[in-house]
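Trainee: So TrEMBL has the following annotated:
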{"type": "DISULFID", "residues": "CYS6-CYS218", "note": "disulfide bond"}
{"type": "DISULFID", "residues": "CYS54-CYS66", "note": "disulfide bond"}
{"type": "DISULFID", "residues": "CYS71-CYS78", "note": "disulfide bond"}
{"type": "DISULFID", "residues": "CYS124-CYS206", "note": "disulfide bond"}
{"type": "DISULFID", "residues": "CYS129-CYS189", "note": "disulfide bond"}
{"type": "DISULFID", "residues": "CYS137-CYS152", "note": "disulfide bond"}
{"type": "DISULFID", "residues": "CYS156-CYS165", "note": "disulfide bond"}
{"type": "DISULFID", "residues": "CYS166-CYS176", "note": "disulfide bond"}
Amino acid sequence: TVKNNCAYTVWPGILSNAGVAPPSTTGFALSPGESRAVAVADGWSGRMWGRTLCVQSSSSGAGFACATGDCGSGTVECSGRGAAPPATLAEFTLASIGGDDFYDVSLVDGFNLPVLVAPANGSCPTTDCPTDLNAQCPPELRVIVAGATVACRSACEAFGTEAYCCNGAHGTPAACAPTGYSRLFKAACPRAYSYAYDDATSTFTCAGGSAGYGVVFCPAGGSSSPRPSGNEASPPTSAAYPPMVFSSGGADPATTRHAVTLLPLLTAIFQAMTTR
């Protein structure tokens with residue numbers, strides 16, 4: 001069951017792992033306070049995330065894109081496409097190893113909104129990132145729309161080094177240690193994955209097939225970002241938002257910050273809408 005406790009509309013996206021049958025829907029809209037049940041097959045594995053600040057450029061249903069978590073399908077359904085980072089992920093592997101489910105909340109691909117995963121089996125632990133990390137995101141990791149921070153990138157996405165991405169010479173748990181950025185994420189959300197090898201305190205298990213799971217966006221309620229449209233709690237899908245602005249050029253935290261645009265699809269949609 002997916003619930004939106006945010007003060008704005010969220011468009012959940014769902015991606016099944018390779019070789020796993022998708023659920024009946026891979027993307028939909030949730031207004032503030034709304035919830036929806038989504039059934040998945042036995043042994044399902046995949047991820048779910050929330051998309052924010054979405055726009056629709058045509059009445060036919062095409063030309064759909066989101067400022068955060070966009071899956072690039074051009075429609076509300078993600079249809080086998082994953083989230084463009086940064087996005088907070090809820091990840092599941094259901095009843096595939098020893099009869100246990102495995103689940104986590106991951107910030108490895110960055111953060112865009114708070115998420116909680118709660119097993120319906122009350123004896124199993126919840127996991128979450130309930131904090132609005134956008135409010136404390138370092139300037140060099142911020143994704144900015146209309147002057148507001150709407151997402152916080154991972155250090156891997158921002159700088160691309162082996163040490164931050166846990167690849168190359170740093171591609172093993174022994175060689176890839178936490179960094180200052182991942183420690184910041186971990187301090188704010190102790191139960192969530194803060195970097196690729198953060199398994200010990202971030203993966204949770206529950207008896208498979210017990211009762212299902214709840215995924216809650218903004219579990220603490222309130223606005224919890226993003227609000228680039230001033231006082232409007234629910235971002236209007238008819239509004240044209242400016243292209244994203246990153247605070248860092250993507251090389252090193254010490255480099256001079258400059259603006260870059262994200263997602264040509266979003267830019268084209270915004271331009272088309274402003275000329276209508």
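Backbone N, Cα and C atoms are what each Cβ position is placed from, and that goes for glycine too.
Remember, TrEMBL labels are computer predictions, not curated facts.
Here the structure is a predicted model, which means the values were calculated and not measured.
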Trainee: Any idea what the Cα distance is from CYS218 (disulfide bond) over to CYS66 (disulfide bond), rounded to a whole Å?
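Mentor: About 18 Å separates the two Cα atoms.
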Trainee: Give me the CA-CA distance between CYS71 (disulfide bond) and CYS206 (disulfide bond), in Å, as a whole number.
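Mentor: The separation of the Cα atoms works out to 29 Å.
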Trainee: Which one is closest to CYS152 (disulfide bond) in space, judged by CA to CA distance, out of the disulfide-bonded residues CYS6, CYS54, CYS78, CYS165, CYS189?
Mentor: CYS189
Trainee: How many other Cβ atoms sit within 10 Å of the Cβ of CYS165 (disulfide bond)?
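Mentor: Result for CYS165 (disulfide bond): 19 neighbouring Cβ atoms inside 10 Å.
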Trainee: Let me check the 10 A CB neighbour count of CYS124 (disulfide bond). How many other CB atoms are there?
Mentor: 19
Trainee: Restricting to the chain of CYS176 (disulfide bond) and a gap of 6 or more, list residues whose Cβ falls under 8 Å of its Cβ, or answer none.
Mentor: ALA163, CYS166, HIS170, TYR195, ALA196, TYR197
